[in-house]
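Enquirer: Please find one structure pasted underneath; my questions will follow.
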Amino acid sequence: MFSIQQPLLVFSDLDGTLLDSHSYDWQPAAPWLSRLHEANIPVILCSSKTSAEMLYLQKMLGLQGLPLIAENGAVIQLAEQWQDIDGFPRIISGISHGEICQVLNTLREKEHFKFTTFDDVDDATIAEWTGLSRSQAALTQLHEASVTLIWRDSDEHMAQFIARLNELGLQFMQGARFWHVLDASAGKDQAANWIIATYQQLSGRRPTTLGLGDGPNDAPLLEVMDYAVIVKGLNREGVHLHDEDPARVWRTQREGPEGWREGLDHFFSAR
């Protein structure tokens, strides 16, 4: 489909895609990460995680210095060499984490919606929920422009909750395991398009794009990619795109980093 020599950007979700949902292992993807690094092809991480959490993972994966998309697109961490861009080192879209917390606390107190946010608990509790170490769990609480929560109410009340958030200029987004509240103007698609445009401006040529994801909140990202890999995941809703042309979209048989590797194998061999 394309070669390792052509201008290319790879956008990848983390949990359930590049990382195993349970063990956080990424070794099955390691050979491809090395090949892409050697070919100077950026792998841009894109997740609901905080930028602090993602910078830690980015270094672990050998991707430090590259841009990344945090908090479902509400935060863009700029590449190290983009220091001349306004907002360096991070661009934040929409209202802040603190402002969203105020809205949620008001809705919970006055309209009695039932949910638990990451701000309601300590890092030990988050470590139990996620399987992370306490030090890593602490990084998940460093939100800048979103709130992560567990919904503990009915589907009917969720519909009402979403309607109220929309009225207030917010959106409710489902991840692989948790729900996320962020500004309605933010999104993985907008963030990815901004990064693509920046690379195009710097190089004078629009790069081909490949995106990989496994959850409903990855759909906006995959919609704006030239090619997309839908990694088999745990979420019952799955991922559904408007354009699922087999020439553009590949659904993997394997989960997590093995599915990630399968997707790369497919698009680099289908020529």
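Each Cβ is built from the backbone N, Cα and C atoms, and glycine gets one as well.
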Enquirer: Given that Swiss-Prot annotates D13, D15 as Mg(2+)-binding, name the residue from D183, D189, D214 that shares the site.
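Expert: Record check against Swiss-Prot: Mg(2+) site with D13, D15, extra candidate from D183, D189, D214 is D214.
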Enquirer: In this structure, which of the recorded positions D13, D15, D214 has the fewest other Cβ atoms within 10 Å of its Cβ?
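Expert: Minimum Cβ neighbour count within 10 Å, taken over the recorded positions D13, D15, D214, occurs at D15.
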